[in-house]
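Peer 1: Dumping the structure here so I can ask a few things about it.
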Amino acid sequence: MFSKVLVANRGEIAVRVMRACEELGVRTVAVYSEADKHGGHVRYADEAYNIGPARAADSYLDHESVIEAARKADADAIHPGYGFLAENAEFARKVEDSEFTWVGPSADAMERLGEKTKARSLMQDADVPVVPGTTEPADSAEDVKAVADDYGYPVAIKAEGGGGGRGLKVVHSEDEVDGQFETAKREGEAYFDNASVYVEKYLEAPRHIEVQILADEHGNVRHLGERDCSLQRRHQKVIEEAPSPALSEDLRERIGEAARRGVRAAEYTNAGTVEFLVEDGEFYFMEVNTRIQVEHTVTEEVTGLDVVKWQLRVAAGEELDFSQDDVEIEGHSMEFRINAEAPEKEFAPATGTLSTYDPPGGIGIRMDDAVRQGDEIGGDYDSMIAKLIVTGSDREEVLVRAERALNEFDIEGLRTVIPFHRLMLTDEAFREGSHTTKYLDEVLDPERIEAAVERWSPEAVAGDEEEGEVTERTFTVEVNGKRFEVSLEERGAPAIPLGGASAAASASKPSGPRKRREESDEGGQQVIEGDGESVAAEMQGTILAVEVDEGDDVEPGDTVCILEAMKMENDVVAERGGTVSQVLVGEGDSVDMGDVLLVLE
């Protein structure tokens, strides 16, 4: 076993890997950006190294900085976690060619499976069903139209290196092809350094089923059952569970064995996930995630196997010490991603300070996180701040236990998806397990989400009170040895967050022109004002593209900018028509919430 492992990641997954290392007697090394110098993974590690500024491309994605940190720390292995460099075959090869051990599949296997067209061909050869489409990259929009001619609309354009919905664009008609083709290529280049895309028939109402795989360097391949990840918004998983409530025993066995065949054909080792779409009793290969998954936790809960420990053991050359028949699924488990997002605003990323952070406990409750009360949640990285994993003897017990746990979970200082999760636990389709990947985006009434937020959001989210609203403050007092909670209401008072934080200023939206301060050439600040209507950023992020120029006429609903926040593209649209009089941002600019992007006359 290794003596010291560098974890090339941040947040909860970095801490998860470090905990596994600690139980194996392995020392840990963290890397961090300027934005994460007080991060939970830095606090947990035995030692830590700064690898650059907040921008991921200059820190967590910088190959040489990560490897140099491993050299400074005298580590003997590098674990990538998930995201960032976890599925980057070029980085894996650099690690393999260095003095370090790569905790993951070989670079060759990653290349075979990381490029989706190669993976589709390989799976077809292994007698694993695939969705109809191309087995070569699409060179032009005409290739997309050709697939649509063969199979009909809608079709999906997917980035070769994509995953998690990034670089995936659904085309419903021919007039959408050109724009979506370019967007998919741009996202592929931005997120995965690979602008190649492929095309396949888009299934209308599938389940998203994935199989956890472990394979060692001695020829042993095991599957640990399936997970159901069908509850998604914008192709991003929200709640995952194991086992799936939608599979028959026959289909479950067929999918598991297909996953083993495909992985064996790819000469794959270490942990991985084979993802499938299931519709009308048939299953189709989608992709292989050549890394640990966010939702590996539910598999651990129902199998009793520590997937991360096995990653480390396999990388150290150990042999899997259990057979396929030894793998037994017991009970049921669900994972609730606790994202800093505003569900009522189409899950827009949120930022703020965790003025209160008090997670639940009790039997069947597991928390994977790397935050504590008082931490600042910025917009530089993914919006997930924690994972709540709830396990019970069956799905019904998990649903009841999850209601209790989410009711217990106390977070204040920023928006989270907890009200949405509580809504899902009352939702008939989810409780029955009949939902598909389209349920949130196409079926669920948005007004129900708004009502859930009104019902279950904290009463004092910092900066969210409008002037004149009633603010409730709760005090604990003791009278004759007995404790009482006393609530006082005051109209127009600012909310006072718990945890010693200072009162936040009102975030009410001003009317009329807004201002944006920019650095002038002389280094001072200049104030840019417009008499027209300002189009402002609703969140912190980076400008990926500006779709208009000064002098352009726009209509209500037209996209004027594309803003990336927490790894998601967000269209900034004009609320009314007009002529663009000023464009105040350019591609690559970082903006804060409220910054004016352009002015319409």
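Using the three backbone atoms N, Cα and C, a Cβ is placed for every residue, glycine included.
From Swiss-Prot, for reference:
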DOMAIN    1-445  domain 'Biotin carboxylation'
DOMAIN    120-316  domain 'ATP-grasp'
BINDING   E275, E287  Mg(2+) 1 binding site
BINDING   E275, E287  Mn(2+) 1 binding site
BINDING   E287, N289  Mn(2+) 2 binding site
BINDING   F347  biotin binding site
COMPBIAS  495-511  compositional bias 'Low complexity'
REGION    495-531  region 'Disordered'
DOMAIN    526-601  domain 'Biotinyl-binding'
MOD_RES   K567  N6-biotinyllysine
Peer 1: Taking only the Cα atoms, work out how far N289 (Mn(2+) 2 binding site) lies from E275 (Mg(2+) 1 binding site), in Å, as a whole number.
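Peer 2: About 8 Å separate the Cα atoms of these two residues.
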Peer 1: Compute the C-alpha separation of E287 (Mg(2+) 1 binding site) from the residue listed as 'biotin binding site', stating it in Å without decimals.
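Peer 2: So the alpha carbons of E287 (Mg(2+) 1 binding site) and the residue listed as 'biotin binding site' sit roughly 26 Å from each other.
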Peer 1: Whole-number Å distance between the CA of the residue listed as 'biotin binding site' and the CA of E275 (Mg(2+) 1 binding site)?
Peer 2: 24
Peer 1: Within the domain 'Biotinyl-binding' (526-601), how many residues are helix, strand or coil going by DSSP?
Peer 2: 0 helix, 41 strand, 35 coil
